[in-house]
Structures are given as structure tokens and as C-alpha cells.
Amino acid sequence: MSTTTLASITPARKRGMPASVKIAFERTLIVLAILLVWQVCVWTGIASAQKVSSPILVAGRLVEIFGSGMIWPHLFDTLGATLIALALSAVIGTALGIIISANRLVEATLEPLFVAIQGIPRVAFGPMIVLFLGVGMTAKVFLAVSIAAFVFMGNTQQGLKKVDPGVMRNLRLMGASRRQIMKMAIIPSLAPWLWSALDLSLGLAMIGVIIAEFISSTRGLGHLISAASLGFDTTGVITLLIVMMIASIAFRSILIRLRRRVFPWF
């Protein structure tokens, strides 16, 4: 009687590229396809380079602004204001969420007010911000915080509502201190919501800073975009928007790596 080994009946497992590499490759192909179509439309006259620029012109401008160093002070100014606003939004928004959630009467009283404030376009605050805070870092940070802090506040409220009451009850029965309850029940419930708020608020904080720089600033990416727009410099506007996108992606990548280290289960 002949025997058949397990290796002979088990199909060979195909080794393909890792999922992360495959996703990055597919994204790169999509971007290259968009750039190719864009450039071909300009070459064939379907679109005007004066109105939509072109990948070649944008690439040349990127080399120019980074090579000359002109972009760095403005980039660092915008990123610095964004980081400060993000940190303040996390502290203020989380504190407000905890205060509001601690009392149902306070929540019922203040929540409609905060919803009404969120419904006001932040651009409308521009003249008032300039009037009271002047032109500079303070105005940019204030406007960004007025947008991003509400995300932390809302997520903190939701996270506190998701705390398992059974776990809280059992911990109290076992004589756990407030610190132990915070560590074992509240923080694990809040962590995913706060990281989600951080992820969402990053883009919102940068938008707030850019809006403030549009309205009144002599430095920052928003100021450069406004100047390029007023000068009908389409290539300049698109180039600066790409710089903003790259900065935002880099920030988000750092946050994801940090989250994986601090909260590997999330």
C-alpha cells in the first residue's frame, strides 16, 4: 500500500506582497493615473494651463519653494499653530465633556447652546477675532480651537456614556478607589473615543488655522494661498494645497504610529 505525504497533497501557499505594500502600490497607481490624465488634458488643449496648471508646473514650483527655503517659515508657523490648537482643543474639549456629562441638568442646559455655536461658520468670527485678538498666532489658535474642541467634547460625552455600569458597580463593591475606577473602567472606555477625536480634529485644527491666515495674517500657508489666489497664480495655489495635504498626511501617520504604541489593542 502506497503512502501519500501531507506535503504532496497540501497546495503550495502563494507568497504575495504584504497587504500594506499592495495598498500603497494601488494608491500610487491611482495618483499617477490622475496626474497623467491631468497633464494629457493640458497638452491636448482640453484644459488651459492658466486655469488648471499642470503636474509639470506644480512639480517645478515645489522644487522652487523648497529649494529656496521660502516655504519653511510659513510651513512651520502653520504647523506650530495647528499643534498648539490641537493640544488646547484636547484639554478644553475633554474637560467640557466631563463637566457636562457629570450632571444631566447641566447637559440639558448647555448642549443646545454648544450645538448652536457649532452651526455658525467660523469665517463669520474672523472680523471679531481680529478686533479682539489682533493679527498673529493667538487669533489663529483661537479660531482653530473653536472648531476642534467640540469634537473632543462630543466624543468625551459619548465615551463616558459607553462606560459599562456593571463594571463600575463591581469595582465599587470590591472597594476600588476613584483612581482605580478611572484606570480600569473610565480610561479604557474613553481611549478609543479620544483617539478618534484626535484623528478628526487634526484636519479641523489645520483648517481653522488656514482660515485665520486667510482673514488676517502675514505668515503661514493660508497667507501664501490668499496671496497666490489674489494674483491669479493657479500653480501657486495648487502647489500650496499639495504642501498642506502632505503635512496633514505626515501628521496623521505620526498619530497612527503613536496610537499603536500607546494603545496596541485599538
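Any Cβ shown, glycine's included, is placed from N, Cα and C.
The transmembrane segment annotation in TrEMBL covers 24-46 (among others).
Within the chain carrying the transmembrane segment (52-72), a Cβ under 8 angstroms from the stretch's Cβ atoms is held by residues 35, 38-39, 41-42, 224, 234-236, 238-239, 242-243, all 6 or more beyond its ends. Look at TrEMBL and you will find 52-72 (among others) tagged as transmembrane segment.
Feature annotation from TrEMBL assigns domain 'ABC transmembrane type-1' to 75-255.
Annotated transmembrane segment per TrEMBL: 79-103 (among others), in sequence order.
Under the heading transmembrane segment, TrEMBL lists 123-152 (among others).
What TrEMBL lists as transmembrane segment is 190-212 (among others).
For 224-251 (among others), the entry in TrEMBL reads transmembrane segment. Beyond its flanks by at least six residues, the transmembrane segment (224-251) meets 50-53, 57-58, 61-62, 65, 71, 74-75, 78-79, 82, 202-203, 206, 210, 213-214 of its own chain at Cβ-Cβ distances under 8 Å.
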Long-range neighbours of the transmembrane segment (24-46), counting only residues six or more past its ends (CB under 8 A): 17, 52-56
Sequence-remote partners of the transmembrane segment (123-152) [C-beta within less than 8 Å, at least six residues beyond its ends]: 77, 80-82, 84-86, 88-90, 92-94, 96-97, 114, 117, 194, 197-198, 200-201, 204-209, 211-213, 215-218, 220
